[in-house]
Amino acid sequence: MESALTARDRVGVQDFVLLENHTSEAAFIENLRKRFKENLIYTYIGSVLVSVNPYKDLEIYTKNHMERYRGINFYEVSPHIYAVSDNSYRSMRTERKDQCILISGESGAGKTEASKKILQYYAVTCPASDQVETVKDRLLQSNPVLEAFGNAKTLRNDNSSRFGKYMDIQFDFKGAPVGGHILNYLLEKSRVVHQNHGERNFHIFYQLIEGGEEDLLRRLGLERNPQQYQYLVKVGRSRVSLYAGRGNCGVLASTVFCLCVCVSQGNCPKVSSINDRSDWKVVRKALSVIGFSEDEVEELLNIIASVLHLGNIQYGGEDSGNAYITTDTQIKYLARLKSPLNLEQASSARDALSKAVYGRTFTWLVNKINVSLAYKNASVIGLLDIYGFEVFQHNSFEQFCINYCNEKLQQLFIELTLKSEQDEYEAEGITWEPVQYFNNKIICDLVEEKFKGIISILDEECLRPGDASDITFLEKLENTVGGHAHLTTHKLTDGKTRKVMGREEFRLLHYAGEVNYNVNGFLDKNNDLLFRNLKEVMCMSDNKILTQCFDRAELKDSRRPETAATQFKTSLAKLMEILMSKEPSYVRCIKPNDAKQAGRFDEVLIRHQVKYLGLMENLRVRRAGFAYRRHYETFLQRYKSLCPETWPSWQGKLADGVSTLVKHLGYKPEEYKLGRSKIFIRFPKTLFATEDALETRKHSLGERESHVSHAVVVQAWWKGILACRRARRRREAANTIRRFIKGFIYRHNERCPENEYFLDYVRYSFLMKLRRNLPKTVLDKSWPTPPTALIEASERLRKLYMQNMVWGYCKKINPEWKHQLEQKMVASEIFKNKKDNYPQSVPKLFVGTRLNGEEINPKVLQSLGSEKMKYAVPVTKYDRKGYKARPRQLLLTSNSAVIVEEAKLKQRIDYAALKGISVSSLSDGVFVLHVPTEDKKQKGDVVLQSDHIIETLTKVAICADKVNSININQGSITFTMGQGREGIIDFTSGSELLVAKAKNGHLSVTAPRLNSR
C-alpha cells in the first residue's frame, strides 16, 4: 500500500484513514472520485474495503492478480477484494478462528459480484484434490442457480438479489474448501405476482421460456412467448377468473379451486444486458453439477410452470358476488362451479398460493444445495451478501424489514470495530481513549422490543379479532410509541413536515437518516397467510418437491403461524449470533450512478450511499486514535534509508531501530506511539512528510547504483556459499532423523547397524539425565528410571555413587557431631517405634549435661572425688511409701548413677549392679532403675521422672553399657519396694500428663498419646 502514497495527488489515498480532513464528507467523496477516474475502484477504511461498481470489465481479476495477493500482508499491496479474501483465509489458518466477510450496499452496487470474486479466489488459490475440485465446482455453480431463482431485474439493477444470503465456506485442516452451507433471508415473494413497471419477475421464468427445449415446454404446457403469461407482462384491466382441477403440469391435485385476478406487471420480458437463452444453459449445467437428478429438475420446473399457469387462470363474478369460471380451457366443463369468495378475496388467495409455492420451493432449493455441500467439523469463512439500506419514493413493509436488518448490522459493525480497535491498542500497550459514537440500539429497540416495539404492535394488530387494518395499526403505533424521539407520523409531526408526509405514513429516524414508510399492505404482507384447504391440496400433490415443502404435520398444528416480521426478527437474531462468533471483515459496495454507465460519477447518489452505509461514522471511529499503524519490521524496512544509523541494515532490536529512526526524522512525542510490535502514527501529514523524504532519498541512492553492482556480485557469491552450508546442514539433519527412526523400529533387537545409533543415543541421554538428577544427600533415594538395556549398569552405578556419598559424608563429620550421631543411633535402636514421644526427640540435639557446675552443690562434687561426671539432669523421685514426688538430681559418672538431694548423695547405683531399666511406651517421662534385692546398700528399685526421658535413658544406657537392658512396657511396670514387697505403676492414655497414687495403691501415670502406632 505504501508504494502508492507518493501518487496521492493524482489517485488519492488508498486508505481513507490517511485523509488529512477526515471529518469532511466532501474530501471523502473527492478521494473516491480521483480513484474512480483512474479505474481504482477499491479503497480502504482501515480494514474495511470500499468498492465502487465500475460497470465495465477491468483486467484486475486474472489468475496472476490472485497470485499477487496470495499470502501477502494486507497492507503491502494495493486495495483489492482479493486482499480481504486472502487476509480472512490466512487468519482462519493461523489463528484457528472462524471468519466472516460482510458485503453490503444498495441494489446494483456489486454485492453479488463481490461474493463471486471471493469464491473464485478461494477456488483458484486453495489446495486441491479430486474431491476438493468437486466441492469447488458445486460452490461456484450454486451462484447461477440461486441467481436464477432469487434474482430479478429492478429499476436499479438488471441482476438484483431479491433475498439475503449468508454462505459458510468450510475448509479442512489443509486449508482446502470441502463444503458449504447457505442461509437465505426474506425472499421478495411478492415479486412473483407483482412487479413495478420496467422491472421483471425472477430470472428463472424467462430463462425457462426462452431457453427451454421444445419437448420440455410441451410437457410443461408452456409457450415460448412471455407475453402469454400475465405474471410476466403488463395487461389491461382484466377479467377475474376461477381455476379448478389439475394443472397442465400435474402439480396441483384434482378438484382444487385457485382464485385469481390479473394485475399490472413489469412488461419488461426482454433486457439488453441479459441473455436468457444462454443463462438457461448455465443453470441446467449448474443443477447437474450440484447433484440434481433429472427427475428432480423436471419436478422443479413443473412447479415454476405451475406458477405461470396460476397467473393465467381467469374467472368472472355474478351479481351476488360469487366467482365462476370463464377460461376456455380443458376445465371448461367445471365452469358452472362457483366460489364463495368475492373478487378481492380471490386475488388474495391466488397471490398467496403463488407466493407460498414459489417461496417454499426456493427454501427447498437452498436446502438441496446444502445437502450437496454438507461437511462436518471444518473451519469456516462466512460470506454475507445482504441488501443495503433502502430509501425509495414509496417505502413499504419490505423496506422496513431491510432497513431494520441494516440497523442491526450497523450496531454489530460499530461494536466489533470498536472492540477490534480496543483489542489492538491493549495488545500493543497503548492507552485506549473512549470514542463517542451514535449508539443505534435505541432504534433497534424501537423496532424489536417485546410488547412495545413496532413489530410487536404490528403482530398484535394482525392477530387481534375485529376489523384490524393498516390504518388501525398506524393509530396504535401513534398511541404506543408516538412519543419516541426517532418516530413520528403525519398526525404527530409539525406543520412543515406534514407537507412531505402522507396520512398513511410513519417516519423512522434511522442511523443513516429519515425514511417514510407507507403502512398500506403492512398487515397483509406480515400475515402472509395461506388458506388451509390450499395447504391440504398441496400436501396431496403428486410432485415430490411440493410434498416436502408442504408438510402434513403443518395441518395438524393448531397454532397460528408466525408472522413474516417475527420470522425475520428471529432469523436475524440467529444471524447476529453467527456473526458475533466469527472474526469479521467488511466490504462496502457503492453504485456510482443509476444509469449503469461506465465512468460516470454521480456525486449526489454517492453522497446518499456514503451516508446510508455509515462510512463517515466508521472513518471517525477508526481515526479517533492513530491514523496509521504498522509492524516495526515493515516500517523499518521501508524507511531505514532515511537514517544513517539504520541504513543499510539495523542489527539490534526492531523497536530500538524504529525509535532511532523516528528520532532522526524529528517526530514529536504527540505524533506517534511505540507499541509492543507496532508503531502508531497519529497524523497523516507526518506519514506523508516521511514519504516525501523517502522519494528524495531514492534519487540520491540511484546515483550510487553503479558502485553497488559490484557489491551485489560479492553478496551473491557469499549468499551462495551460505546457502550451500545451510543445505548441507539440512541433509545431515535429515539423515540423523532417518537413523533415529530406523533405530527406534529395531530398538528391541540385538545391537546391529540399524539400531546402534539409537541405542547409543539412549545410553547417552540416560547418562546425561542421570548427571542432571543425581541425589544430593545420602538420605535422597531418588534415581532416574533406566532404559531396559541399562538396568544392571544403572544399579551398579547407584551403589557406587551411594557408597561414595556416604564415604564423603563421613569424612566431613567432626568429633562432636560424630558423638551426637552415635547417641542418636543408640536412641533409635532403643526407642524407635516403641516409645510414643521418640519422634519428637529426633530433631532435638542431645546436650552434654542439663545442669551446670553452679546448679550442683560443691559438697556433692567433693564427695564424688576423682570420679568424672559425664551427665547431670534434674529428675523427680517418687517415694516407695505413698509415691510422694520429690525433686532430685541424677548424676552419671564413669562408674555409677548417683541420686542427689541438694548436698546429700541419697543413693549410688553402680553400673555393674544395675539389673535393668523399665519405661512405658507412652509419652510420659517415668522410668524405673532396677537394683538387686540382696544388695544391703540398696533400699529397692528407684522410680524417677525426667522431662528429657529419651536423652536421659540414652545417656544411662551408654554410660552403664546397658543398651539391651532397657525394657519398654505397655500397661504396667512392676518394681521392688524393699523388704520383699512389690509396687506397680499403671500407665494409661489420657488428655494430659498426670502422675498420682491410685485408690488400689498403685502409682497411676496418665499420658497423652502423641503418635499413633
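For all residues, glycine too, the Cβ spot is worked out from N, Cα and C.
What TrEMBL annotates here:
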DOMAIN    12-695  domain 'Myosin motor'
BINDING   GLY105, GLU106, SER107, GLY108, ALA109, GLY110, LYS111, THR112  ATP binding site
REGION    572-594  region 'Actin-binding'
DOMAIN    835-1009  domain 'TH1'
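Recorded features from TrEMBL, shown on the structure.
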residue	record	Cβ neighbours (10 Å)
GLY105	ATP binding site	26
GLU106	ATP binding site	23
SER107	ATP binding site	19
GLY108	ATP binding site	24
ALA109	ATP binding site	24
GLY110	ATP binding site	23
LYS111	ATP binding site	27
THR112	ATP binding site	23
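Within 8 Å of the centroid of the Cβ atoms of GLY105, GLU106, SER107, GLY108, ALA109, GLY110, LYS111, THR112, where the record puts ATP, the same chain has further Cβ atoms from ASN53, ASN157, SER160, SER161, GLY388, CYS589, LYS591.
Shown for the region 'Actin-binding' (572-594): DSSP residue counts in helix, strand and coil, namely 9 helix, 8 strand, 6 coil. Averaged across the domain 'Myosin motor' (12-695), the predicted model reaches a pLDDT of 84.
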